[in-house]
Amino acid sequence: MNMTDNVKSTNKTSEMAGADAANKANTTQKTEQLDSVRDDATNEALTTNQGVKIADNQNSLRAGIRGSTLLEDFILREKITHFDHERIPERIVHARGVGAHGYFQAYEGNERLTKAGFLTDPTIQTPIFVRFSTVQGPRGSADTVRDIRGFAIKFYTQEGNFDLVGNNAPVFFVQDGIKFSDFVHAVKPEPDTEIPTGATAHDTFWDFVSLVPESAHAVIWAMSDRAIPRNLRSIQGFGVHTFRLINAEGKSHFVKFHWTPKQGLSALVWDEAQKLAGKDPDFHRRDLYEAIENGVYPEWELGVQIVEEEDEMNFDFDLLDPTKIIPEELVPVTPIGRFVLNRNVDNFFAETEQVAFCPGHIVPGIDFTNDPLLQARLFSYTDTQLSRLGGPNFHQIPINKPVCPFHNNQRDGIHQHTIHKGQASYQPNSIDNDWPAETPPAASNGGFESYPEQISGHKLRQRSETFSDHFSQPRLYYKSLAPHEQKHVVDAYTFELSKVQRKHIRERQVQQILANIDLDLARQVGANLGIEVPDLTLDYKKTAVEKSAKLSFLAFPPQDIQGRKVVVLIHNLVKSDALEAMKNWAIKEGVTLHLLAPSLAPVKDHQDSIITADGMQMAEPSIAYDAVIIPDGDNLNVVMQDGVTRHYLLEAYKHLKPIAFLGNKSDLLEPLGLVPDEGTLVGDEFQPIAEKFKNLIMAHRVWSREQIAAHIPA
Ligand code: HDE
């Protein structure tokens, strides 16, 4: 195949990821991908929902050719009635989401912790369904807003469904479920105007959190890079609450669940996040979908922090307090398994929208603790499905159905799918020999038994004194970040609070919350907002850990650059020889390479051969890519007069992306007022700089450029 043919065959899906993906991509034509996969597409008659064949699907039944429509038209009525009810209430929180299927596989040696079969048998691949979400925005809101991400996993185990309904932050905004609806009302769009969509930068949110110091820890996570992830493949997940694992001998350990992406952690820069919200509101869901379609299967390692029961009270915070982490210096994370997402949904509504998670879905070998937030969640999730999915039978919807058998005496109700047979729908019964019968608890495969925790005390509405330190851990978080991450936190508080109309709310947040977290943080934000921070000598509580390595992104570098996206800006007279080397490199590294031209008009290379572009620069902005390559060409100086191309380069530079100039053309930066630096590579050919380029992409951003980039207009 000559070079030009090769380039011609490039399309959006053909340059993809790793050996697997390369094979897959080579055999998958774009046209095939566009083919429908519905199973009734041939030889099936169009019918009503009652199975009646439809003779005319174009015209309603009329009284005369120009007469009124007849109420009798059962086909029209059925069709419209169904359509009228196609939308169901969206989730009150976490409405915007995207899901995918995959599997979980346990590592060896977990028996000492739990008897749960899916966690102890490393030969089983347990099917899972994961749904990622934002919290604040409605179902149609943008993906890249600043928000905590939900990360819910349904494990379809042989002992029943286990739902790990977590977030990408390890702490929550309130300590007690009775405050949840107050928090959500404050964070949601304000009730009088329904503004803002998908944002916390408004008065009611900051009013609430500045009055509720227990929120300080979750808020600082939300003000950090954690809340603007680059994609959903590179976020960590946390179970937040302390749970129990129970082994076959009935011994309990406290655990906190963590899951960490093999891809490493990475974030957008705030300017990118805001622009993407307009230019590609589906940025995260598109990325996840494309990665899975292209065989770049995202993977996480599931781990637990394990605390012996007798150590429960040995920390300077309460294990039951969901606003606290256990620093990994005190209790490291023990890996217990891994999971992979390898299949996209066939139908968004049926799967992603109808999936119903509930922290109360657990299996023998796992149990709850008395965390007052968790206890309230156990009620809320099933309750919310009653209005969202229309009744108590939502477990019969295919995406929610256990894969193991389930039998009981629950009957009827809205949307009952099962035709139950027989007379006895109660227990005990003698008519059916008492079936279905109870299963006593056992070391394995037994019935569920709650951990017999001893409980005593008075009935009261009171929070334990051990829940009262609200500032040590946000301080720990801030102190543990790298300098550039700390700066992003300062910028985020500044941006958000600048949008708050009421001065007293801004002041309260800076003077009473931030000053208690860290005076330096408060002063920086205060200086930006014109708020004085008094010279306080705060009585900082001394804690066992003052800095924790595993809180910064720097602790989670990627192992490779699989699934990253690199753009090549092609143009007329481009020296296309270099494209071959780039293409081979992209396949080897599992990188998506997109050739973008100034327009969709055919591009002719230096040998007058046509190169097919994957898209045009205006429609596929640099914010959607990880790095940029400018190949050489005799027309380059003319191309660089174009506003779109200039902006392309300017933005890529501002957003700290690696840029490679072939033909040693880094002087193209000069007219834009930009200076070459360690993130701008030059070379005659691509091959000699390929390894350096890879390393820059691995580092994700050229952080050393950040100070200079701040002076570039957005
Ligand atoms: Fe949720 N939460 N939540 N939440 N939550 C819901 O359930 C709730 C909390 C989380 O992709 C709702 O089915 C209460 C913590 C995720 O479908 C609702 C409290 C954490 C998702 C609900 C909390 C979460 C939800 C809305 C405090 C992290 C999306 C629709 C007592 C550990 C799941 C639904 C999906 C969804 C209630 C606090 C995570 C209303 C009452 C803490 C990831 O039931």
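The backbone N, Cα and C atoms fix where each Cβ goes, glycine too.
Residues or ranges marked as region 'Disordered' by TrEMBL: 1-44, 436-455. The compositional bias 'Polar residues' annotation in TrEMBL covers 1-14. Here TrEMBL flags 32-41 as compositional bias 'Basic and acidic residues'. The domain 'Catalase core' annotation in TrEMBL covers 47-435. According to TrEMBL, the feature heme binding site maps to Arg91, Arg131, Phe180, Arg377, Tyr381, Arg388. Positions annotated as active site by TrEMBL: His94, Asn167.
Structural mapping of features recorded in TrEMBL.
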{"residue": "Arg91", "record": "heme binding site", "Cβ within 10 Å": "21"}
{"residue": "His94", "record": "active site", "Cβ within 10 Å": "23"}
{"residue": "Arg131", "record": "heme binding site", "Cβ within 10 Å": "23"}
{"residue": "Asn167", "record": "active site", "Cβ within 10 Å": "24"}
{"residue": "Phe180", "record": "heme binding site", "Cβ within 10 Å": "17"}
{"residue": "Arg377", "record": "heme binding site", "Cβ within 10 Å": "21"}
{"residue": "Tyr381", "record": "heme binding site", "Cβ within 10 Å": "17"}
{"residue": "Arg388", "record": "heme binding site", "Cβ within 10 Å": "16"}
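Long-range contacts of the region 'Disordered' (436-455) within the same chain: residues 115, 117, 159-160, 244, 246, 248-250, 252, 362-364, 367, 370, 407-409, 427, each at least 6 residues beyond the stretch ends and with a Cβ under 8 Å from a Cβ of the stretch. Between the CA atoms of Arg131 (heme binding site) and His94 (active site) there is a gap of 10 Å, rounded to the nearest whole number. Summarising model confidence by region, the domain 'Catalase core' (47-435) averages a pLDDT of 97. Largest Cα to Cα distance within the recorded heme binders Arg91, Arg131, Phe180, Arg377, Tyr381, Arg388: about 21 Å as a whole number. Counting residue by residue with DSSP, the region 'Disordered' (436-455) contains 0 helix, 0 strand, 20 coil. Reduced to three states, the DSSP call for Phe180 (heme binding site) is helix. On the backbone, the CA of Tyr381 (heme binding site) and the CA of Asn167 (active site) stand 15 Å apart. In the three-state DSSP classification, Asn167 (active site) falls within a strand.
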